[in-house]
Amino acid sequence: MKITRLTTYHAAPRWLFLKVETDEGITGWGEPVIEGRARSVEAAVHELAGYVVGKDPARINDLWQTMYRAGFYRGGAILMSAIAGIDQALWDIKGKALGVPVYELLGGLVRDRMKTYRWVGGDRPGAIIQQITDYRALGFDTFKFNGTEEMKLIDSARAVDAAVVKVAEIREAFGNTIDFGIDFHGRVGAPMAKALLRELEPFKPLFVEEPVLAEQAEYYPRLAASTSIPLAAGERMFSRFEFKNVLCAGGIGMVQPDLSHAGGITECVKIAAIAEAYDVGFAPHCPLGPIALAACLHVDFVSHNAVLQEQSIGIHYNEGADLLDYVINKDDFHCVDGSIAALPKPGLGVEIDEDMLKRANENPPDWRNPVWRHSDGSIAEW
């Protein structure tokens, strides 16, 4: 079998899908994208095509290493996202060719179902209590929301209180019947992160995500020493080498690589294994589309330390399409009590409505994250 063609499709709300075709008629799907940089990743995908077209798709490890190492300059968000999407598609092809789900190729199941959580609120979160109430009726008991809006490097007690009051209201409304993670989203500098963690500790969040930016990873062990709240990070880390350094330094209780950013299935299986060696949980980042979610689930199902899976049904970003709109076999992704069962179909187990996707590609989205500014006019972290 040989790879013959790579085709990319843009689709609302902010996704890029990749179709990899072979001379035997088996096709694989991937989702290579950086939110807000889809066209940059698309260009990288087609640049990497020269390494894979004409090659045997079964040699996933060799193709991955070639895409990563053949260029003198390597790594980073764009290139690793392009590799990720191609890698996902190669695993999809291999599973379909052999008639088994990808998790069987990775050694088989360690669990029968994977617990997921729901996003509530938005960039500037509001109506969180009502959303949690609605989702609890659907069987979900674990949630995540943004913890702050803009926050200066050194900010006021008012800014801290605003974040804490919101969390207090949620805990008061639901008691300990729910769990929630709080996403600092890299908006908080190290000095304020320490203050916020101290004030949030009485409300027992499940985790705090991106307490500081990945560029400030040296603060993870210092912050962890000041709180009992597990710290999570990793959506803006793109290889096992970055995770290696963070895990060696300590401080992180849960790693969150993105299967569409951090080299795909091949790389993230390794990241999960390294994290397990450090007794650190694995909870892939995935506010993206169905192929990305399917890839995450296959790694979750073979990773003993997988604890939670993010998924984007109803997320505030999904304007123009929701998670399963381009999926034919929607029932395979159905959540029961907040968990998804092992996907039964060969490959990644997601059947894409290609006709719908082609129509979406005729009017491609141009999503960009908001640009925020502080009251003094300086740019703020979104």
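All residue numbers here begin at 1 and follow the chain in the order shown.
Even glycines carry a Cβ here, placed using N, Cα and C.
Swiss-Prot lists His185 with the feature active site, proton donor, giving similarity to another entry as the kind of evidence. Here Swiss-Prot flags His285 as active site, proton acceptor. If you look up Swiss-Prot, you'll see Asp183, Glu209, Glu235 marked as Mg(2+) binding site, on the strength of sequence analysis. Annotation source Swiss-Prot lists region 'Disordered' at 361-382. Look at Swiss-Prot and you will find Asp258 tagged as site 'Increases basicity of active site His'.
Swiss-Prot feature annotations superimposed on the structure.
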| residue | record | DSSP (3 states) |
| --- | --- | --- |
| Asp183 | Mg(2+) binding site | strand |
| Glu209 | Mg(2+) binding site | strand |
| Glu235 | Mg(2+) binding site | coil |
| Asp258 | site 'Increases basicity of active site His' | strand |
| His285 | active site, proton acceptor | strand |
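Per-site Cβ counts within 10 Å over the binding-site residues Asp183, Glu209, Glu235 peak at Glu209.
Most Cβ neighbours within 10 Å among the recorded positions His185, Asp258: this distinction goes to Asp258. Note on His285 (active site, proton acceptor): other Cβ atoms within 10 Å of its Cβ, all shown chains, come to 25. The separation of the residue listed as 'active site, proton donor' from Glu209 (Mg(2+) binding site), Cα to Cα, is 7 Å. With respect to His185 (active site, proton donor), the closest of these recorded positions in Cα terms is Glu235, chosen from Glu235, Asp258, His285.
You'll find the Cα of Glu235 (Mg(2+) binding site) roughly 6 Å from the Cα of the residue listed as 'active site, proton acceptor'.
Rounded to a whole number, the C-alpha distance linking His285 (active site, proton acceptor) with Asp183 (Mg(2+) binding site) is 12 angstrom. The two recorded residues, Asp258 (site 'Increases basicity of active site His') and Asp183 (Mg(2+) binding site), show a Cα separation of 15 Å. When the region 'Disordered' (361-382) is classified with DSSP, helix, strand and coil residues number 1 helix, 4 strand, 17 coil.
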